[in-house]
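K.L.:
I am attaching a structure below and will ask some questions about it afterwards.
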């Protein structure tokens, strides 16, 4: 936890290292390439999430600091006076983190394979990347990750801003000409479609991701490292400026539409690297590849460390009041290669563009949202039984709809578009909330009857 002494800069580096990942590097440009202007949702939800942090994170930090909590699981266990709920929250965190690790490994495989000009097959690159992230996680602590974030952020900032400015000017002479060419070639990319990725989808997806943004257990861990609550208020002011970098990712994606046409489906995630190979010498392609590898390595290591610690401390030793720190640390390191290998297996199972995998992760972790927000109220309306039941129902529904790639329009084809285009993640979240309230009312009534 860094002895809860990290200042504004250090906390910013930690959170930036987690937020700006392979998805920002490859997924953002790939989504722009295939879906167009709707990709701006990434910038919007991250910026709005920082706005919410001004009010939310100080509340979380103050409670955690008062009770000397060190994990998200501890927070829920203390709020609801239930170690069982804390263990369940830890399990949800681990399950939700796995898809995000998959994104890092899949992105790492793409970057290494393409920037080596095919000399390293993608499957081999993914295995090498998994080993690298596992070793880095075992050998490095939270401070090591934060300091490497400095190098990663500097490199990615340079690469993305340079490419976002140079490539449109190089190929089109100006940004206005870039968009004129895109409008002539694929005009649908510059407007929201009437169905599927419509304005309704955009607004609902932004709101959905904002709700889930600070539910991630690794973000909770970063929150607890701060020196004081004012650290978050300063970061809330500074951090949205950093999201401007993602604007240049959009420029790269639009440039690739005409320069590397023909990428379909999951291939759209290759747009940035394919455009780089076409536009630059191998030396600079190597620099781009190095920056991209760091966007996978830093968040991937943080995610693996968080997940392995959750399994060790909050699941294996979750029932113990004061588990032995040495044993927790030992088993945490043991679980790193196990979880890394599991994520690697999921990569080889195939499937889905990076943006779709991100949706799965958010749909899982956002199930903690009702119980968290309820716990911050002066009088918590939810009981531990209600919170547990709501989360369980939400997780089960999420797994079901994700397995079959369902949307509201496929489930309810007769609904008007303004409703059917709402992000499908709200369905399990709504079920979670309803079940949590009903079970809480029932358990509260039973306790009152028992007291009488």
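For all residues, glycine too, the Cβ spot is worked out from N, Cα and C.
What TrEMBL says about a protein is an automatic prediction, not a curated fact.
What TrEMBL records for 7-27, 39-64, 85-114, 120-142, 154-175, 195-216, 237-263, 283-307, 328-348, 354-374, 386-404, 424-443 is transmembrane segment.
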K.L.:
Given the transmembrane segment (386-404), which of the listed stretches 39-64, 120-142, 328-348, 354-374, 424-443 has the most Cβ pairs that are under 8 Å apart from it?
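P.N.:
Counting Cβ pairs under 8 Å, the winner is 424-443.
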K.L.:
Between the transmembrane segment (283-307) and the stretches 39-64, 85-114, 120-142, 195-216, 328-348, work out which stretch tops the count of Cβ pairs under 8 Å.
P.N.:
85-114
K.L.:
To the transmembrane segment (120-142), which of 195-216, 237-263, 328-348 is linked by the most Cβ pairs under 8 Å?
P.N.:
328-348
K.L.:
Relative to the transmembrane segment (195-216), which of 154-175, 328-348, 354-374 accounts for the most Cβ pairs at distances under 8 Å?
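P.N.:
The stretch with the most contacts is 354-374.
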K.L.:
Most CB pairs under 8 Å with the transmembrane segment (39-64): which of 85-114, 154-175, 237-263, 328-348, 354-374?
P.N.:
237-263
K.L.:
Pairs of Cβ atoms less than 8 Å apart decide it: which stretch in 85-114, 154-175, 328-348, 354-374 has the most with the transmembrane segment (237-263)?
P.N.:
154-175
K.L.:
I need to check the long-range neighbours of the transmembrane segment (328-348): which residues 6 or more away from its ends have a CB within less than 8 Å of a CB in the stretch?
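P.N.:
Those are 94, 98-99, 101-102, 105-106, 109, 123, 126-127, 130, 133-134, 137-138, 304-305, 307-309, 311-313, 316-317, in sequence order.
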